[in-house]
Amino acid sequence: MATGDSLEDIKIEIDDDLEKIPIEEVFKKLRCSREGLSGAEGKERLKIFGPNKLENKKKEHITLRFFALMFKPLSWVIQAAAIMAMLFANGDGRQLFLGIVCLLIVNTIICYLKEDDAANVVAMARAGLSPKTKVLRDGKWSEQEASILVPGDIVSIKPGDIIPCDARLLEGDTLKVDQSALTGEFGPITKGPGEEVFSGTTCKQGEMEAVVIATGVHTFSGTTAHLVDNRTNKVGHFRKVVTEIENLCVISIAIGISIEVIVMYWIQRRNFSDVINNLLVLVIGGIPLAMPTVLYVIMVTGSLRLYRTGTITQRITAIEDMAAIDVLCSDKTGTLTLNKLSVDKNLIKVYSKDVEKEQVLLLAARASRIENRDGIDAAMVGSLADPKEARAGIREVHFNLVDKRTALTYIDGNGDWHRVSKGTPEQILDLCNARDDLRKSVHSAIRNYAERGLKSFAISWFRNTNCNTVFFFPYQLCSEHKYHIVNKLQERHICGLIGDGVDDVPSLKKADVGIAVANATEAARAASDIVLTEPGLSVIIDAVLASRAILQQMKHYTIYAVSITIRVVFGFMFIALIWKFDFSPFMVLAIALLNEETTKAITMDNVTNPSPTPDSLKLKEIFATGVVYGSYMALITVVFFWAAYRTDIFPRTFHVRDLRGNEAEMMCALYLQVSIMSQALFFVIQSRSWFFVERPGELLFLSFVTVQTIATTLAVYASWETARIEGIGWSWAGVIWLYNIIFFFPLDIMKFGIRYILTGKAQSLFDNMVHLVLNSYAKLSNGIYNHTQADHTYSLLEVSTPPSQDLRGVGWV
């Protein structure tokens, strides 16, 4: 074992060109051997060289982060309003300026705390994706986190591995390594014994051992970490939707401001300061200041929920794409099956008279590896009475993804040479009869897919049959075939793909959502958007439903934001233009400040009834629903103002005092009406059914009660000359609550009307489709996983449905 001083010497000598000197010189300089390091020596070297990972980006100083959140594009509009208040408003401009600054600070603090929580969630998820590697320590192979590797370690590299360090290859045949992301070279590069492989490159073919020569920041590249960062930073459709919604809100406010300026200043010849106050009402009340942060936090909080159910999101915005998937392509091995092979000895067929079944098994086992075994190797070696029989001196020809074959040359006890091949050719499969049983859960899982809009259908290929199949794919699809299938499906569908191997990498990258199953190769994990930590199909169903719930939560908030903007702009604009009533900017500011508490609750609310069909953030739906809700609420606000300020309807009906001509009390009454209705709207939006059928989240309900208790108390007792308000008493407060309750119910009816107009008969069509799929699926118990020896195809589901039916679903084996 190397001493502390010699380890320091190693660190100095590593600066030499270890990739160029003879391999024996590498072992000398690194003070190591082909038997690997001991555990104790590995720990000592880890102290000297540090962990095998890139340094994390330094966290921005709290002050810089705070100001970055405060000076966002939407905040600029509010800041402009603060400057307008300071320069042009009436004598209360200074107080209004301070109030707007207070709103900005409160919003920024909430955003800061939420984004801090979000960062912790992302860090937790990434910790679950730490790359693994097989390392030789204390003479034994074991799977360890790649971060423990140090120069001098011996590692095993196999197809699908992302090489975790810079290393020199040891004895063996060759590796094919894809280093295009590092060097730009197209296609795999062949590497032989003694050559260097780089951290972050992907092993495509072959299996060799290597000695580590550089780790962490000392490697040629940090591609592994870069892969995750790149995918996390993709925004695409989500960013577009947020930008479009922001633009709609700003344009609506700009239209309202333009109309007010033209009518109030040039037509009505009103005082300039009154015009400014009315403009401030539109700007302060209409800008959805917290929307970008709220949507981001909803997604990150949702990713934590997914993490707890066995799903890690590498790209946050993949949650939106996951909710929209209507075609899910699945690999067979390990997903539909257990990926635990067994050998059925009773089905072994021997074609040579001089060979026994036991000898066939022995030959297959000798063609398998003892250490670092894959599923097939483990099945073959495990079929022997004594696994030690499988070994003598051997020279290996490693598994080849192109030929799908491996071969070993060995010498038996008599000194005779033998060569044994193991692979996928039909004659070898017939000899060994390897069997990969279907998961017991696959029947119910596919049924659940159909019930939730993920339409999974036939996966079969019959040469001689009268059965019409919806989709048919041959056995042993290659990587290129999968890629083209996904590409074709994406012309009409949002396509998800489940994969696990290096051959799935191009398709995983191409798919709208790439999903790596549990125990997938490092290359597949790096190429995917979502990584599963639990086996089987049920976890995917949970992930889809959770994604739809998260997306629905985001949709609820965006509709709410658009509705409030439309309501504020057109409600207060008509009141100001028709009756020349100038609502106090202070009261709009009070509504905005109290809404911050509800905004925080929205991010924590749980959706109990997510969409039963694939869903997405559709701008048409968001805009149409928001405009209808906002216009209706603006209308009932205008009607309330007219009835309370211009008529005696309320005094005659409820025996409350007359507010006609009393501007200060009317200000309080209008404030309470707007405050209640604004927040009550969310109870309608958050439910797919009647609002009273689906109970809102406890935090959201508690927030509503708290905020409206404060608002009601303020309206009843407040007397503030600067804001031009005077308390209206409990009688008027009760009347306003009753008025809002009466006009609240039509919002639910409007919700169903909007949904019907936007979707038409789509919902009924989908219900018919689900029944069709379930009826077809009933045949699964009789026809599932039939292995036809004549043409070597697998039938997972027979469907006698005409191809013209709009059935969506793909799988391959």
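Using N, Cα and C of the backbone, Cβ positions are placed for all residues, glycine too.
Marked as topological domain 'Cytoplasmic' by Swiss-Prot on the basis of sequence analysis: 1-66 (among others). Across all of the topological domain 'Cytoplasmic' (1-66), the predicted model scores a mean pLDDT of 75.
As annotated by Swiss-Prot, transmembrane segment applies to 67-86 (among others), with the evidence given as sequence analysis.
The feature topological domain 'Extracellular' is assigned by Swiss-Prot to 87-94 (among others), with sequence analysis given as support.
Under 8 Å from some Cβ of the transmembrane segment (95-115) lie the Cβ atoms of residues 65-66, 69-70, 75, 78-79, 81-83, 85-86, 89, 280, 284, 289-290, 293-294, 296-297, 585-586, 589, 592-593, 596, 599-600, 603, 722, all in the same chain and six or more residues away from its ends. Swiss-Prot lists 95-115 (among others) with the feature transmembrane segment.
Taken from Swiss-Prot, the feature topological domain 'Cytoplasmic' covers 116-245 (among others), and the record attributes it to sequence analysis.
Under the heading transmembrane segment, Swiss-Prot lists 246-266 (among others).
What Swiss-Prot lists as topological domain 'Extracellular' is 267-275 (among others).
Annotation comment: Swiss-Prot describes 276-293 (among others) as transmembrane segment. Under 8 Å from some Cβ of the transmembrane segment (276-293) lie the Cβ atoms of residues 69, 72, 74-75, 77-78, 80-81, 84-85, 88-90, 96, 100, 103-104, 107, 110-111, 114-115, 242, 245-246, 249-250, 252-253, 256-257, 260-261, 264, 557-558, 561-562, 564-565, 568-569, 572-573, 576, 582-585, 588-589, 591-592, 596, 599, all in the same chain and six or more residues away from its ends.
Here Swiss-Prot flags 294-555 (among others) as topological domain 'Cytoplasmic'.
The active site, 4-aspartylphosphate intermediate annotation in Swiss-Prot covers D331, and the record cites sequence analysis as its basis.
According to DSSP, D500 (Mg(2+) binding site) sits in a coil region rather than a helix or strand. Look at Swiss-Prot and you will find D500, D504 tagged as Mg(2+) binding site.
Under the heading transmembrane segment, Swiss-Prot lists 556-577 (among others). Outside the transmembrane segment (556-577) by six or more residues, the chain places 241, 245, 248-249, 252-253, 255-256, 259-260, 263-264, 268, 278, 281-282, 285-288, 291, 294-295, 298, 583, 588, 602, 607, 617, 622-623, 625-627, 629-631, 633-635, 637-638, 641, 670, 674, 678, 681-682, 685-686 with a CB less than 8 A from a CB of the stretch.
Within the same chain, residues 268, 270, 274, 277-278, 638, 641-642, 645-646, 663, 666 sit at least 6 positions outside the topological domain 'Extracellular' (578-582) and bring their C-beta atoms closer than 8 Å to a C-beta of that stretch. Under the heading topological domain 'Extracellular', Swiss-Prot lists 578-582 (among others).
Under 8 Å from some Cβ of the transmembrane segment (583-605) lie the Cβ atoms of residues 85, 89, 92, 95-96, 99-100, 102-103, 106-107, 110, 114, 277-278, 280-281, 284-285, 289-290, 294, 297-298, 301, 553, 556-557, 560, 568, 572, 575-576, 667, 670-671, 674-675, 678-679, 682, 686, 696-697, 699-700, 702-704, 706-707, 710-711, 714, 720, 722-725, all in the same chain and six or more residues away from its ends. Under the heading transmembrane segment, Swiss-Prot lists 583-605 (among others).
Per-class residue totals from DSSP over the topological domain 'Cytoplasmic' (606-622), listed helix then strand then coil: 4 helix, 0 strand, 13 coil. Look at Swiss-Prot and you will find 606-622 (among others) tagged as topological domain 'Cytoplasmic'.
Taken from Swiss-Prot, the feature transmembrane segment covers 623-643 (among others).
When Cβ-Cβ distances below 8 Å are used as the criterion, the transmembrane segment (246-266) is approached by residues 73-74, 77, 272, 274-275, 278-279, 282-283, 286-288, 291-292, 561-562, 565-566, 569-570, 573, 576-577, 623 of the same chain, each at least six residues removed from its ends. When the stretches 67-86, 623-643, 665-685, 698-718 are ranked by Cβ pairs under 8 Å to the transmembrane segment (727-747), first place goes to 665-685.
Cβ neighbour counts within 10 Å, taken over all protein chains shown, single out D504 as the most crowded of the binding-site residues D500, D504. Within the topological domain 'Extracellular' (267-275), the DSSP-based counts of helix, strand and coil residues read 5 helix, 0 strand, 4 coil. Tertiary neighbourhood of the topological domain 'Cytoplasmic' (606-622): same-chain residues 237-238, 241, 244-245, 320, 323-326, 451-454, 494, 545-546, 548-556, 558-559, 562, 686-689, 694-695, 697, 758, 763, 766, selected by CB-CB distance under 8 Å and a gap of 6+ residues from either end.
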